[in-house]
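As recorded in Swiss-Prot, the features of this protein are as follows:
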- 1-19: signal peptide (SIGNAL)
- Asn30: N-linked glycosylation site (CARBOHYD)
- Asn34: N-linked glycosylation site (CARBOHYD)
- 38-82: domain 'LysM' (DOMAIN)
- Asn77: N-linked glycosylation site (CARBOHYD)
- Asn100: N-linked glycosylation site (CARBOHYD)
- Asn130: N-linked glycosylation site (CARBOHYD)
- Asn201: N-linked glycosylation site (CARBOHYD)
- Asn226: N-linked glycosylation site (CARBOHYD)
Amino acid sequence: MVFLSLKYALSGLAATAAAVPHANRNTCDNSSLNTTATTYTTTSEDTIFTVARKFDRGPCDIARYNRMIDAEHIFANFTLRIPPQVCNPDSTTCFLTRQNATATCLKGGPHDYRTIAGDTIEKIALYKLNMTVESVYENAKMGVSSIHEELPVNTFLKIPQCVPSVCHVTPFHFTYGVYKDIAEMFDTTVGQIMAFNGGYNYSESASDADAAWITVPTGCTNLALNVTEEI
């Protein structure tokens with residue numbers, strides 16, 4: 001099953017991740033761990049890092065346990081489930097990383113990207129869509145003076161599409177992880193998954209059976225050697 005493969009792969013990855021600075025458990029006694037799962041309602045002052053420190057957990061363990069779109073996408077009044085402690089808390093592997101993007105159009109689409117809090121042109125291009133900053137900025141300046149300036153929330157950006165190109169889409173039962181994990185598994189981008197699932201942020205459900213089904217684009221490819229960029 002896809003989910004099992006993803007979860008086991010992440011477990012192996014977490015085993016080699018660096019521990020959170022305040023909780024070095026290099027010589028770990030499983031019997032000393034707090035294995036109680038609880039919930040926590042975030043405040044406007046919280047980040048994934050403050051929550052992790054508060055409960056002595058790995059930020060990535062919390063993000064994946066709550067099936068978040070992005071570990072850093074956290075705001076007031078999120079009801080987060082706090083996972084049991086583990087010997088190797090993960091503080092690194094779930095975060096979006098800057099890509100050395102060369103693409104100037106998006107294979108297969110979609111055409112629109114809806115902004116969320118914290119989005120900038122640079123973050124959308126290099127961290128979420130794996131496209132050059134210039135290709136996104138040219139068509140989505142929206143009055144911002146810098147690629148680092150935060151964009152208004154819930155604004156649709158027109159993203160250049162490669163023509164001709166195609167994506168296939170598949171339903172995916174999102175029972176564990178973050179969008180970065182799914183993007184790596186299906187060889188797609190976080191931004192494309194976000195664009196297909198605009199109403200989803202994270203899951204409060206403790207049950208895998210009640211976890212969300214999301215739409216994942218996969219197999220995105222150009223259909224010709226020479227493509228045009230269309231808005």
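Note: Cβ is positioned from N, Cα and C throughout, glycine not excepted.
Asn130 (N-linked glycosylation site) carries neither a helix nor a strand DSSP state and counts as coil. Shown in sequence order, Cys87 are the residues of the chain, 6+ apart in sequence, with a C-beta less than 8 angstroms from the C-beta of Asn30 (N-linked glycosylation site).
Note on the domain 'LysM' (38-82): DSSP counts are 15 helix, 8 strand, 22 coil. A C-beta separation below 8 Å, combined with a sequence spacing of at least six in one chain, links Asn34 (N-linked glycosylation site) to Asp56, Pro84, Gln85. You'll find the Cα of Asn201 (N-linked glycosylation site) roughly 21 Å from the Cα of Asn130 (N-linked glycosylation site). Ranking the glycosylation sites Asn77, Asn100, Asn130 by Cα distance from Asn226 (N-linked glycosylation site) puts Asn130 first. Asn30 (N-linked glycosylation site) carries a helical DSSP state (H, G or I).
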